[in-house]
Structures are given as C-alpha cells and as structure tokens.
Amino acid sequence: MGKSFANFMCKKDFHPASKSNIKKVWMAEQKISYDKKKQEELMQQYLKEQESYDNRLLMGDERVKNGLNFMYEAPPGVKKENKEKEETEGETEYKFEWQKGAPREKYAKDDMNIRDQPFGIQVRNVRCIKCHKWGHVNTDRECPLFGLSGINASSVPTDGSGPSMHPSELIAEMRNSGFALKRNVLGRNLTANDPSQDYVASDGEEDPEVEFLKSLTTKQKQKLLRKLDRLEKKKKKKKSDKKKKKLQKSKNKHKKHKKSSSSSSSSSSSSSSSSSSSSSSSSSSTSSSETDSSSESDNKEKKEKEKRKKRKKTKCSGNKSGDCKEYKSKNMLYEELSSSHSDRGKAQEKLRLLKQESSGENSTWVHSGSDRKSRSHQHSPERKGSDRNGGSRSRSRAEGSRRSRSRSPCGQKHREREARSRPHQSPSEEQKGRKGTRSHGDSEHRRERAR
C-alpha cells in the first residue's frame with residue numbers, strides 16, 4: 001500500500017512516464033540523430049569531390065574541361081557570398097562588452113537569448129534609445145548622450161560604427177524595437193494629397209498657361225476673349241432662367257392654393273344647399289310613400305271584404321242556416337285578425353290556418369248532409385237529439401265569439417269600419433234582408449227532405 005500516485009499513473013498508456021511512451025520518444029530521437037549524421041557524411045563526400053575536381057582543373061586536365069561537370073557547378077557569385085556569411089558569423093554581436101572575452105558553456109555559445117549572470121557584474125537587459133547600447137537607459141548618467149536633446153545629439157561627432165542621431169531614424173528604430181511615441185508628439189500624419197505637401201513654384205519658373213498666352217497672336221487672343229464672353233453670357237442666362245422658373249412655380253402654387261380654398265368654400269355652400277334640398281326631398285318622399293302605402297292598404301282591405309262577401313253567399317246557399325251562422329262567425333274572425341294584427345306576415349299565416357280548418361269543416365258538413373239524406377228514415381230519436389245538441393253547441397260557441405268581439409276594442413273598430421264602408425240602410429230594410437235569408441235557407445232544407 002506504500003506505492004505513490006506516480007507509480008500508479010506511469011502504468012497508464014496516456015501517461016508520459018509509461019515505458020511504452022518513453023520507448024517511443026527514445027526511438028524518435030535516435031532516428032533524428034541518424035538522419036543528421038547521414039546528411040553530414042554526404043556533405044563531406046561532396047566537398048571532397050569538389051576539391052579533387054578543382055585540383056584537376058588547376059592541373060589542366062582536358063577530360064575535366066570537356067566533361068559535363070559544368071552543369072552541376074554553382075554560379076560564380078555564390079561562393080563569395082557564402083564566404084562573407086561565414087566571416088560575419090565568426091564575429092558574433094554581443095549585448096554587453098564583458099561578454100566578448102567571457103567563457104561560455106557549449107550549450108550557451110551560439111544562443112544569444114540566454115541571459116548571463118556573471119559574478120560581481122550588474123546585468124540590465126535594457127537598451128538605450130539615444131546611443132543604442134545595452135545595459136542602461138537614456139535617463140541614466142552612464143549614457144554618453146545624457147542631457148542632450150535629439151537635435152544636439154545628432155550634431156555631436158560620433159564614430160562611423162555608431163548609430164545616427166537623426167530624429168526620423170531614431171523614430172524608425174524605436175518602432176522596429178517595439179517602442180512608439182504618442183500621436184500628440186509626432187503631430188498630424190502627413191499625406192501625399194495634403195496641400196502642404198504641394199510643390200511651391202519658384203520665381204524663375206512661369207505657369208504653363210502664361211506661356212501659352214504669350215505664344216498666341218493678337219487675333220487668336222481676340223477670338224479667345226469673344227469665346228469667354230459668350231460662355232459668361234450663357235451662364236448668366238441660365239441663372240436668370242432658373243430664377244424665373246422658380247418665381248413662376250411659386251406663383252402657380254399660390255394660385256392653386258387660392259383656387260382650392262375658393263372651391264372648398266363653394267363645395268361647402270353647395271353641400272349645405274344639397275343637404276337642405278335632400279332633406280326636403282326626403283320629407284316629401286316619405287310623405288308620398290306614406291300616402292301610397294295607406295292607399296294600397298285600403299284597396300287591399302276592400303278587395304278582401306268583397307271576396308269574403310261572395311264566399312258567404314255561395315256557402316250559405318249550399319248549406320243550412322246553422323252552417324251559415326258558423327261561417328259568418330268565422331268570417332268575422334278573419335276580419336278581426338286582419339284588422340287587429342299590424343304585421344301582414346302573421347295575419348296571412350293565421351288566415352291560411354283558418355281557411356284550412358273551414359275547408360275541413362265544410363267537407364265534414366257535406367258528408368254529414370249526404371248521410372242524413374240517405375238515412376233520414378232510419379235515424380233514431382236519440383241520434384236526432386245528439387245532432388240538435390251539436391248544433392246548439394256550435395251556436396253557443398258562435399255567440400260567445402261574438403260577445404268577445406263586441407267586448408274587445410279591435411272588434412269595435414272593425415264594426416265601425418264596416419259601418420262606414422257599407423251603404424246606410426234603414427232598420428226595416430235590414431229586417432227584410434234577414435227574413436229573406438231565413439226563408440231561402442228553409443226552402444232549401446225542405447227540398448232536401450223531399451228528395
């Protein structure tokens with residue numbers, strides 16, 4: 001149980017301390033080193049071949065001159081450039097002066113990014129902006145250009161190897177090294193299109209236009225002046241035309257506004273007059289429509305009354321006197337319904353129902369009459385009594401309906417209308433008419449019995 005967590009994790013495949021991963025890393029390192037050695041050996045062989053080839057050329061061997069080795073030779077300027085690079089690489093640049101003669105280990109010889117920390121020497125990894133030396137800043141007194149501005153520092157004589165103190169060069173170097181001044185110090189960025197960047201004409205130089213005018217003759221100058229005058233006149237005319245058009249547009253707008261205001265006032269007056277005329281016409285039309293409707297209703301009522309009278313006469317002539325009384329009562333009901341109800345649709349429906357009932361009763365009365373004719377001698381006295389009782393019941397119903405009509409205000413109105421519509425008769429004439437109807441009904445009854 002005393003094993004650590006690392007011992008547990010190194011047994012995993014994904015952990016870098018596992019044996020399989022360590023083996024893979026070692027194999028990759030060995031492969032890289034083998035490739036490097038092989039490339040070095042090939043380079044050494046190539047260099048040996050080149051040396052032998054150069055020696056044969058110096059000896060004046062004709063085979064080498066007539067051979068195809070010139071195809072594999074590098075151009076003549078490449079060797080010199082390679083030599084210069086090797087010389088510069090030999091003289092490495094050091095940040096500090098004490099690094100030139102100081103001994104360094106093998107892993108730190110060629111790498112300048114490694115910071116040395118020698119014993120007893122203060123190392124500041126800082127570079128001065130003015131003198132471009134490492135180990136101090138422009139505000140330190142160690143700097144040889146301390147206390148001098150950029151202009152004065154540029155005037156100070158320096159070695160050819162040292163950097164220049166011109167402000168533009170200093171700004172460029174600052175940018176390269178990662179520093180930058182503020183915009184208010186640099187000022188406005190100048191552009192090529194800026195008017196301050198234009199060339200200023202010297203006194204000796206003349207404008208090309210002036211030279212062209214000097215080269216012209218007097219006639220040509222006169223023609224030019226005429227053309228210029230014409231162009232100026234055309235421009236003036238265009239301006240005056242534009243002004244006139246604007247004035248005309250403004251006037252037209254004012255006129256349209258006035259016309260619209262006048263038309264609106266006239267339309268309001270006409271609308272008021274039309275409204276008054278329409279009101280008068282509507283009143284007249286309503287009055288005329290009312291009169292027409294009243295006249296039509298009167299005509300319809302008269303026609304209905306005439307039809308009912310004809311029906312009464314025909315039905316009374318064919319049936320008995322008791323039947324005639326019942327028909328009269330039903331007709332009275334028809335008249336009351338038509339007069340009492342204002343809605344025509346409802347009155348018509350009720351009239352249809354009553355007509356159907358009356359037609360059914362007529363058919364029953366006709367059948368009963370025929371049965372009486374055939375079986376008049378066979379009837380028992382009890383049947384006759386029952387028939388009489390039925391007739392008395394129908395009479396009592398008719399009398400009750402008449403009384404209810406006389407009591408109701410609608411019935412009184414209907415009677416008044418009938419009295420107006422009928423011609424005025426004396427009481428003696430009315431009695432004669434009643435007797436005539438009774439005698440007519442009795443005579444018909446006697447004829448039926450005789451048959």
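In case you wondered, yes, glycine gets a Cβ from its N, Cα and C as well.
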Worksheet item: According to Swiss-Prot, which residue out of Ser33, Ser155, Ser202, Ser338 bears the annotation phosphoserine?
Response: Ser202
Worksheet, complete the sentence: Same-chain residues at least 6 beyond the ends of the motif 'Nuclear localization signal' (233-247) with a Cβ under 8 Å from one of its Cβ atoms are none
Response to the item:
Mean pLDDT across the motif 'Nuclear localization signal' (307-315) comes out at 71
Fill in: Cβ atoms near Lys355 (SUMO2 cross-link) (within 10 Å, other residues, all chains)
13
Discussion item. In the three-state scheme derived from DSSP, which category covers Lys355 (SUMO2 cross-link)?
Written reply: helix
Discussion item. Counting by DSSP secondary structure, give me helix, strand and coil numbers for the motif 'Nuclear localization signal' (233-247).
Written reply: 15 helix, 0 strand, 0 coil
